[in-house]
Amino acid sequence: MSVETEQSIATKRMPAGLGGLLPALTLIGLFFVVPVLALLLRSVTDPAPGLQNYTALLGDGTYMRVFFNTFLVAAVVTIVTVLVAFPVAWMLAIMPPALASVMFGIIILSMWTNLLTRTYAWMVLLQRTGVINRALMATGIIDQPLPLINNLTGVTIGMVYIMLPFMILPLVGTLRAIDPMTLRAAALCGASPFQAFRRILLPLSLPGVAAGGLMVFVMSLGYFVTPALLGGTSNMMLAEMIAQLIQSLLNWGLGSAAAFILLIVTMALYALQLRLVGARRATGGI
Amino acid sequence: MKLIFAGILAGLLATTAAKAEDMVFTSWGGTTQEAQTKSWAEPFSAASGIKVLQDGPTDYGKLKAMVDAGSVNWDVVDVEMDFAIKAAKDGLLEPIDFKTVPKADLDPRFTTDHAVGSFYYSFVLAWNKGAVSSEPAGWADMFDLKKYPGKRTFYKWSAPGVIEIALLADGVPADKLYPLDLDRAFKKLDTIKSDIVWWGGGAESQQLIASGEAAFGQLWNGRVFALEKDGADVGVSWNQNLTAADVLVVPKGAKNKDAAMKFLAAASSPAGQAKFAEASGYAPINTKAKAEMPADAVKSLPDAHVDGQINLDMNYWAANRDAIAERWYAWQAK
């Protein structure tokens, strides 16, 4: 009986709710759905109807290498970001609130600085004649400059730096929600700090790691500025290739197809994450 | 569907709406566009009363999008000449009205039915004097890793220049460059590939050379000129300097076509060309311009180095642009 009433309330509410959503839906429809459909359409009609753009992309060694590079860079960046962000997030979570908010301010402040400026700053630091190499050579630690730029190392350093806040913020939220008593209980039961970390803290923080990790991974997939400036031509990522196809080669069909593939992959990953996190929530009892 | 797409694009691109009597000039930004504003736009506005709004940087994708969408907000655009030839063929450009733009004194090398020259420049070999063991003499030295170890810098994009340099360094005579032997060029470039740092824009090329990040490289002569003016310790070799040009075009369907043609007339006039050349170190495309320039300014122009100068073949590039680009980027990504 009660189920029925709930349902009827729900169905009654639906149209009203939809009405309120109408402006938002129109906005999304007009500025997101329609352009994406136009993109899809162009990818199968330009220069001629058919799937030739997709077969060209998937059958060509160069394009496949760029796809592979894109995923490689995104994966490396995500892993390094998680490793760096976790201790920082944990520290923020257990810090006295006043100090933590100062630290938060510092982290968020870095996000406000222009992306291009930050990337150029890394160029100055990382290049052969840059601050890091000069300091290392002056102290005699190395006698040849380290190749820190125009390669995967440069891209990883630059992108991890930019991605860190996106990992730290969700992770702090998750870590703060963990009841500290669980760790105390583990210690009382004789768990070593490492055991407590591995069997209590890590599993409980996984939803935050997954959420942040996926956000970082997806953002990395479409990144343009940092790889273009800190990477070499052999680390070209998809976004740079698309820009090249659109801007300089004027091959919009192929560019659209590449962009659409990127979109599909991103959506698939998002769906996967929803399922994984949802499942873990259900079984983990969070 | 195409209409909807076009409409959306038009909406997105309508960032620089000009009033009826105004016009929009688009170029590459930086010192070049500043010089164009001072030498062309300001005197033109003063004389004609037509306000010239500046936009940029030039973006071929955007230009095509505007023309496709039928909402063209750029009236005069500074583009590379090989692009202009290709774009004219693709129907993206208005023909030049040579009744308004006097053609007689324009350098025929850089004038077409759909474009008048903006300026022309040379790729030259430049180096940081503090970073090289000895002064390189020509393009072949850029491929000599024994004598000149370390990083060298080349233009990143698929464009006239690097392929030709590789072939010249490999011993191809200047008059036998075209049609380009791409296999041979890439084989030559392979020998130094891991020592190449690519520059994507003029400022980057200056920074690489001035800091010694790359000891030497292929630069636009105007950028070397600017480095020298700033007192950087750079050397330059004009040996086999390679000329290419920027041209001014009017996108198809430009809203202020008449104003645009008048602007072209002013920009390509002897006075406009002389002023710009003096400010930028790039060469004028009007044959009468040099007479209006101070003698010492003429000395630093590519015109002063016609001995052994090679004209990059813009028509060849326009015809083969896409095919070369495909191989170029595939090779780079390897």
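Each residue, glycine too, has its Cβ placed from N, Cα and C.
For A:21-42 (among others), the entry in TrEMBL reads transmembrane segment.
The transmembrane segment annotation in TrEMBL covers A:62-86 (among others). Same-chain neighbours of the transmembrane segment (A:62-86): 56, 152, 155-156, 159-160, 163-164, 167-168, 171, 205, 209, 212-213, 216-218, 220-221, 227, 231, 234-239, 241, 258, 261-262, counting only residues six or more beyond its ends whose CB sits under 8 Å from a CB of the stretch.
Among the features that TrEMBL reports, domain 'ABC transmembrane type-1' is placed at A:67-273.
Positions annotated as transmembrane segment by TrEMBL: A:98-116 (among others).
Look at TrEMBL and you will find A:155-179 (among others) tagged as transmembrane segment.
Per TrEMBL, the feature transmembrane segment maps to A:200-225 (among others).
The transmembrane segment annotation in TrEMBL covers A:245-272 (among others).
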Recorded stretch that, among A:155-179, A:200-225, A:245-272, has the most CB pairs under 8 Å to the transmembrane segment (A:21-42): A:245-272
Long-range Cβ neighbours of the transmembrane segment (A:155-179) (under 8 Å; 6 or more residues past either end): 73, 76-78, 80-82, 84-86, 88-90, 92-93, 107-108, 110-111, 115, 118-119, 122, 126, 148, 201, 204-205, 207-209, 211-213, 215-216, 219-220, 223, 226-227, 229-231, 235
